[in-house]
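TrEMBL annotations:
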- 32-160: domain 'FAD-binding FR-type' (DOMAIN)
- Ser95, Arg115, Thr176, Ser238, Arg239, Lys248, Gly276, Leu277, Glu315: NADP(+) binding site (BINDING)
Amino acid sequence: MSVQQVSKPKVGVSPLSLEDAKEPPLHLYKNKEPYTATIVSVERLVGLKAPGETCHIVIDHGGNVPYWEGQSYGVIPPGENPKKPGSPHNVRLYSIASTRYGDSFDGKTASLCVRRAVYYDPQTGKEDPSKNGVCSNFLCDSKPGDKVQITGPSGKIMLLPEDNPNATHIMIATGTGVAPFRGYLRRMFMESVPTFKFGGLAWLFLGVANGDSLLYDEEFSKYLREYPDNFRYDRALSREQKNRSGGKMYVQDKIEEYSDEIFKLLDGGAHIYFCGLKGMMPGIQDTLKKVAEQRGESWDEKLSQLKKNKQWHVEVY
């Protein structure tokens, strides 16, 4: 007697009117007139051995700043801009790490994944608080009930195309670049959205320093157990794993490992997304170019075709 795998019931979401808009909401709140939202919670995401601190921050926007998966919010930290006395700080953009329904599934919150930017003096090795990231430290230090000025939402590059629910989505993230992908995956595997039933393949590559630095790992591992036919998850831990040539394992080494499969999926119309620090792209591009050449293809031609077909999505910072 075979026991069929029973997938867990998905979470109900509301208001379903958030599915009605044909176009993504854009720039509802501008820099000069931001929306005052409220911090719901701040939770440290990483273990003690992680270099640096990354926090998951839930913000209550009361349903007044709706967004789609893959968009960003701007945050204006309190205080005045040291370069322009009397003026507010510049806006910092953060990819939203939740679906349009938020972590409470009621369409009233948005979540951010923020790494605290800390500056160490190269001479003394000591932290210099005067050069620390103003906005990331404000967000990571904030408490429930604190007010936060937000702008947006912005961005169309990383929107999840939903015209084909059986499409393949290859997601490549370093560190907090995993934020938009958490939103996609919750929409695909956690939420019960009547108008979006995902039946394709989602494949996540996440590059971080070590096991303690993994972000949302429990959530992703749960999808792996519950949807083994629709989700793949590969981690690249640069300080704990070695690549084929004995060097540190970066996300591009994982891409190289699975390059044949990835190229076949791209040829079949798969979407590929990259999100994370700007420094991640040259290594990834070099790897893809090398693989293309080994396959007797021109990477430049292939890339321009992917862009033309709207299969190529990049957001780096």
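Each Cβ is built from the backbone N, Cα and C atoms, and glycine gets one as well.
All annotation found in TrEMBL is predicted automatically rather than curated by experts.
Looking at the residues that bind NADP(+) per the record, Ser95, Arg115, Thr176, Ser238, Arg239, Lys248, Gly276, Leu277, Glu315, the two CA atoms farthest apart are separated by 27 Å. Over the domain 'FAD-binding FR-type' (32-160) the predicted model carries a mean pLDDT of 94.
Residues within less than 8 Å, Cβ to Cβ, of Ser95 (NADP(+) binding site) and separated from it by at least 6 positions along the same chain comprise Gly70, Gln71, Ser72, Leu112, Cys113, Met158, Thr176, Gly177, Ala179, Pro180, Cys275, Glu315. Residue density at Gly276 (NADP(+) binding site): 25 other Cβ atoms are found within 10 A of its Cβ, drawing on all protein chains shown. Comparing the binding-site residues Thr176, Arg239, Glu315 by how many other C-beta atoms lie within 10 angstroms of each C-beta, the top residue is Thr176.
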